[in-house]
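K.L.:
Sharing the features that TrEMBL gives for it:
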type	residues	note
DOMAIN	82-501	domain 'Major facilitator superfamily (MFS) profile'
TRANSMEM	116-137	transmembrane segment
TRANSMEM	157-184	transmembrane segment
TRANSMEM	205-227	transmembrane segment
TRANSMEM	233-254	transmembrane segment
TRANSMEM	314-335	transmembrane segment
TRANSMEM	390-407	transmembrane segment
TRANSMEM	413-435	transmembrane segment
TRANSMEM	447-469	transmembrane segment
TRANSMEM	475-498	transmembrane segment
REGION	507-538	region 'Disordered'
COMPBIAS	522-538	compositional bias 'Polar residues'
Amino acid sequence: SIDFQLAVVVVRFRRTGESTRSEDDGENREQVVRIAEQTDLESVALADGAPVPREFANPTDDTFMVEDAVEAIGFGTFQWKLSILTGLSWMADAMEMMILSILAPQLHCEWRLPSLEVALLTSAVFIGMMISSSLWGNISDKYGRKTGLKMSVLWTMFYGLMSAFAPIYGWILVLRALVGFGIGGAPQSVTLYAEFLPMRSRATCILLIEIFWALGTVFEVLLAILVMPTLGWRWLLGLSTIPLFIFAVLCFWLPESARYDVLTGNQEKALATLKRIATENGAPMPLGKLVAARQEDRGKIQDLFSSHFRWTTVLLWFIWFANAFSYYGLVLLTTELFQEGGNKMEPRCSLECKYLNSDDYKDLLWTTLSEFPGLLVTLWAIDRLGRRKTMALCFLVFSLCIIPLYGCVGRASMTVLIFIARAFIAGGFQAAYVYTPEVYPTATRALGLGTSSGMARVGALITPFVAQVMLESSVYLALSVYCCCCLLAAIASCALPIETTGRGLQESSHHEWGQEMMGRASSHNSGGIAHSSSGSQG
């Protein structure tokens, strides 16, 4: 028999991802279920190979947890609406990022800025993001996911609009840094989103949200093609805040995370949210009383360095750093290399400038479209290979695409290589966004994602000095830095101690989950690691 050992408070059935929702429920009720009451834990046994009865969403003592309810309600109308709303905040983030590669050459020429000041303009945004990432994570863990997300979106919209009116370099530097401070809160939309998703759909949904990131980058380039030649960069900055404005208007519909409400002792509110989701999805609610996992202090940085998570946190920070360093580096390199053309070795004066022409915009659009195939690769690999191997594969392919750029390749070949490299590094970023919320428990999930995102901003902060400043003195050196960084990140991905494929989101980081935390991908462990919904554990 399969034994699931769970906490004393309630019989919790963790293989909720495989709970059946068919007409076979009648047969399932005939399964022999033995409940052995013990002083410190309860054990549930099923016959070998038996399907999981749906009744386990409603355990015998009429109590259930948020995880059970989310699994029982399943994916439906509510999650589709949430997907679009979360997607809008991603789209806005992507647009604000994509502006950097368009704004930098424009201001370089218009305001006659030296290349160091151009690089500083890009870095200012990332400094803001780096400072604020863990702060927004803390706000989300202490005051709620919805509160943190709403504040960050309104902040970004206000300063994004203000930066369109910047009269001089100093002003735009400060205002873009403040925009960056707001964008640092965008990853919290993933925390909120992941906490409403059933295990079966989680990886696919978080990856599909990335479509909005890709749409945002493409929309920004198309907007630049239309706006830049006629209206100029100020209009581009102003119009780029449109998705943020739409998000701010629709934000009143957004509920607070039920997992967060339960964790803060607000069971009634969590139950109301779950009932609302069940009504919108047309699904039945589990019967009984909603109970919480053990109460914990929320959002403490030392929790990320507990014995269970220390190694995971350190490796994840480096993986996020390498992801952003390489991804944004390639975005900036694209415009730099296209401006240089084939003759990359000719040194340039730092005040010499070239406006982006229509060919540059077209090539920028092509390389931006690479986000979509990158998404498909990750979507295919994430459940088949597992999260860790998918990240390692993406880093490796990126490194292999950078190597041919050492030679003097033509513009067409360069576009193809950059296209493939960007597809895979974007895929690696997406895999990291799936893995990180899955690996941390509810109490530290937003903080874990926030600090990882903060490390990504450190990478993005350094990258302009490699892609824009170092490139002027040596193309080979700049490319080597990116190549080596990604090879190290591929090794780090393989070294991650926990595989989260097919595992439920953890509510608690206490002893009862110790087996699951240490369990890697071995689905036969006794800690209740659920099997991957696709049946292909990585």
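Don't overthink the numbers, they just go from 1 along the chain as shown.
Heads up, the Cβ atoms here are built off N, Cα and C, so glycines get one too.
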K.L.:
Are there at least 3 C-beta pairs under 8 angstroms linking the transmembrane segment (475-498) and the transmembrane segment (314-335), leaving out pairs fewer than 6 apart in sequence?
P.N.:
yes
K.L.:
Mind checking which residues of the chain, 6+ beyond the ends of the transmembrane segment (447-469), have their Cβ under 8 Å from one of its Cβ atoms?
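P.N.:
Sequence-distant neighbours of the transmembrane segment (447-469): 104, 115-116, 118-120, 122-123, 126-127, 129-130, 133-138, 140-141, 180, 184, 187-188, 190-191, 299-301, 303-304, 309, 313, 316-318, 320-330, 332-333, 336, 432, 436-437, 439-440, 478, 481-482.
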K.L.:
State the non-local partners of the transmembrane segment (475-498) in its own chain: residues 6+ outside its ends, Cβ under 8 Å from one of its Cβ atoms.
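P.N.:
For the transmembrane segment (475-498), the nonlocal Cβ contacts are 311-312, 315-316, 318-319, 322-323, 325-326, 329-330, 333, 344-345, 388-389, 391-393, 395-396, 398-399, 402-403, 405-406, 425, 428, 435, 439, 466-467, 517-520.
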K.L.:
Could you tell me the mean pLDDT the prediction assigns to the domain 'Major facilitator superfamily (MFS) profile' (82-501)?
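P.N.:
Mean pLDDT across the domain 'Major facilitator superfamily (MFS) profile' (82-501) comes out at 83.
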K.L.:
Can you see whether the transmembrane segment (390-407) and the transmembrane segment (413-435) are touching - at least 3 CB pairs under 8 angstroms, only pairs 6 or more apart in sequence?
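P.N.:
In this chain the transmembrane segment (390-407) contacts the transmembrane segment (413-435) - 3 or more Cβ pairs sit under 8 Å.
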